[in-house]
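One structure is given below, encoded as structure tokens.
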């Protein structure tokens, strides 16, 4: 689960080249489409991107009220107790909120909070949604060097988290709802004796994050059925024996177009290339340089608003790990540190918007986004991937097949 970066950008970017923009597509204005994704830096950029940009208008018409909206589909009204999320999980509404949606995806109602048995050891936010120890810890400013005992606990917890994610990956197919994925994550975590860390963390209403298509991160599992051609990221964190293990992967749903396949593969490669440089003495800021170089060479952009983070007895702590180039992350890696790297790579511009639920971050231009994440341990000689794939992990990525 990504941490929030301190990058804040309100200026519009050209939908074609990413440069600052102040021209607006007339048709987008007529259709009342979002400012992001419909701005251009010049007439030349507007004309050169018209053949692809006009598809945004078609999608907007198809997704307008009365044509395939969530209210017309059975899955949006699955039964009593289901409602739309608002205010970062602190309130609900029976009707879909109004919003300047950036893409074709819409929120669906979510189910009631899942139950955690009393015998499960819980983090301090489990009951009231408010972390108490984490915000005031010295490890928000100092990178902890883990003891051998703590490292062993993290190995155990991270393996459970990997097994939970693998269980979720096995049910990804058209027709499955993201709420069903959340149930698998929740049940598998409880069965292993763990607590699903996202559940009620700052009031997050579910046990994992499911981010579909243009959702960058922190998507809330709901009643929407996955469709053929979707991509979906599942982000799992498990709390077990007092420590957290965090990882995520992006999966193909049925037959996915070539551009989305290229995006997901590039994102996977960004993470692998970043992991390859981890060892004592390397500056944290170098991670972003490696990721940014590979993503931009592939024609994609790197999200700046969310970053990797330290992890252990705290869910989120120092260090912050920006994934973009020319970042200002401080410090160098030392043996015994544990942190996540979790690049979010966009098919279009890097900027994001927030849905009314207060959690779901989506691309500003409505184009797709992918993400992969591992929890890592810096060793004396390099790195150990604590959440690495197992021999039993499902064979879902074509580029890993022999």
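Cβ coordinates are placed from backbone N, Cα and C, and glycine is handled just like the others.
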Do you know which of 38-60, 61-83, 84-106 TrEMBL annotates as region 'Disordered'?
61-83
List the binding-site residues among 218, 235, 373 whose C-alpha is within 10 Å of the C-alpha of residue 309 (Zn(2+) 4 binding site), in sequence order, or say none.
none
Please report how many Å separate the Cα atom of residue 373 (Zn(2+) 3 binding site) from that of residue 342 (Zn(2+) 4 binding site), as a whole number.
4
Nearest recorded site to residue 235 (Zn(2+) 3 binding site) by CA-CA distance, among binding-site residues 218, 316, 342:
218
